[in-house]
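Note sheet for the following structure.
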Amino acid sequence: MIIEIGEFTRVEGNGKAEIIIEDGEVKDVRLKIVEGPRFFELLTLGRHYYDVPDLEARICAICYLAHSVASVMGIERAFGVEVPEEIQLLRELGLIGEFLESHALHLYLLVAPDVFGYPDAIRMASKHGELVKEGIALKAFGNRLRELIGGREIGGINVKPGGFGRYQTTEELETIEEESGALLRLAKRAVRLFASLEPYGERAEHFVATNGYLWGERLIAEDKEPFHYTERIEEHSLVYSFAKQSCYNGESFLVGSLARLLLKSDQLTPEAKRLFKEHEDKLSTGYVSYNNLAQAIELVYSLERAGEIAKILLDRGISGENVPVEPREGEGIGYVEAPRGVLIHHYRTDSKGRIVHSNIITPTALNHAMIEESLLKEARVLYGEADEEEMIGRLEETVRAFDPCISCSVHIVKL
Amino acid sequence: MMGKLKLGVFELTDCGGCALNVLFLYERLFDLLEYYEIGEFHMASSLQDGGHYDVALVTGTVSTHRDLEVLREARNRSDYLIALGTCATHGSVQGSVEMPIKEKLKAIYGDEGNPMRAMDSKPVVEYVAVDLAIPGCPYDKEELYQALMNIAKGIDPVRPDYPVCVECKLNEYECVLVKKGLPCLGPITLGGCNAVCIKSGLGCIGCRGPLPGEVNPASEYEILKSKGYDDEYIMKKFKTFARWKP
Ligand code: SF4
Ligand code: SF4
């Protein structure tokens, strides 16, 4: 017998799951990504490097900037281009905006309705209007950062290899500094809310992240030894899904907020670090549902860091100069932390700067196996205990904790 | 006040941006909710009303049989259907990969093959008649807001019919094509985005699709050639968002 979970709601993109029951027991689970493939690796083949980040931004709306930045970094590494701290800080500011926009969307509009028992945030707003408004305020601020750095809220083209189309003004940075401080109170409230929830789903045993907080030259796992993805991560196609599945040394693993906190808490801002320490006992159990709490702590991190960056830039002033980019034959990998976890853009270029090979691995593809394991664990707990409707509802919550991004996951090329 | 209109949001294969952009209306979403009730919007709600819709928004391309089914359902069950975003109106970027679907799947999923069936990505307008098409990758939120408000009041929504260049001039942006020699598709791209990319000092990548009617891609082509861009570069650029006749 197969129990079908029809298309997930309150997640990005189109996906479903099947729970396979044999002899009265839950035997297996399949996470089926039914969103059509989007062929980005083919789309970018033969394209001039200058246009590539703008195309890659169309992979996913929720984390378009992570895609632009990972793409730009992959291209810069292929050409041996290094950008100064000013450009790095501005990119970081954009990525922080994306954390805020994405985490706030997920926590307040997609998960909170489960916590309070509503089908959506719009209907929840009648009783919990304040909370919904706070979420929207955080999300809107995140989006303003994306617009400021990326040129648009979604699908912007301002992030370029070597710099930006337009640089940000002093006034713009001043409002960022002010508002990030003012919003901090809301984020701390979110931490309290999500810290109060009971854990569910599977416990992850392996975690992977980039070596810097928002990006890196390599990846790290529990042993903190930097590695390239090709050394420890393997991908394979599935017969039932348009998204591929990845393993870390042959086993499932977790990327995303929880992984970042557990591997990189030493890089957090002061208040975020304090909150991490306060909740470390819970978080270190590895229950993937604590990803929600981890995201709330990252809201705090993001607001603190946005204020810090704005201050640094205001103190020293923005020069607004791009680094010249000379195309050459090369190979480069961009490792970025998208809100949902590690994002990899890997390119090879020819002497004219055209893409001759591209591989993109997204957080949801990396988490795919872990999502299945989590569903399996939860289904085993619930089967026979809860009626089917309740079971399906709870399983959807399990999937939601990963904050899966299905659009992102459907265009993975073979190596 | 008479009853609210029923609104459904249906998402086919895409980046999620055009559906997300509805939520990015923020407080104005609540203004819209004075006139509309959302019956289905799977990115934002677990509710699936299944009934009849006064207005349906469809985002994304038809890339699977599931997409086609959802689209036909949306069309059959709604009075006014809006193809929302360049995926739905022109096929957007995934529609620009010109290879038979079998080969595409093989290139991505390997030789053992992925037995899942997919279709060549096509815009919504190729399969069903739509009442309004709002392009943009993503579309301008203001345009959607105005259109929905107008529909609620029984007014025919405004459809822009001028190129991006016009909005550039209105904003007094320096022409990046003539002055900086950057590749800009503004002259042949349908306006309505307030020339937002030129604001960043960058060339329009054509995300709103081709300007219908009296356009002159040939002269755009000549200008880009004279600025030193080669055939291959220009053709790829032209084809990214604008393959189908408007
Ligand atoms: S038109 Fe662009 S923004 Fe809209 S769904 Fe398609 S790819 Fe995303
Ligand atoms: S300027 Fe061009 S690329 Fe930018 S939003 Fe407008 S139509 Fe799209």
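One is the number of the first residue shown, and numbering goes on along the chain from there.
Just so you know, glycine gets a Cβ as well, placed from its N, Cα and C.
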Same-site residue for Ni(2+) (record: TrEMBL; known: A:C60, A:C63; options: A:C247, A:C405)
A:C405
Quick one: of A:E41, A:C60, A:C63, A:I360, which binding-site residues have a CB closer than 8 A to some CB in chain B?
A:E41, A:C60
Three-class DSSP assignment, A:E41 (Mg(2+) binding site), comes back as helix
Between the binding-site residues A:C60, A:C63, A:I360, A:C405, where is the Cβ count within 10 Å the lowest?
A:I360
Distance check, please: Cα of A:C63 (Ni(2+) binding site) against Cα of A:E41 (Mg(2+) binding site), rounded to an integer number of angstrom.
18
Would you kindly give the Cα-Cα distance separating A:C405 (Ni(2+) binding site) and A:I360 (Mg(2+) binding site), rounded to the nearest Å?
14
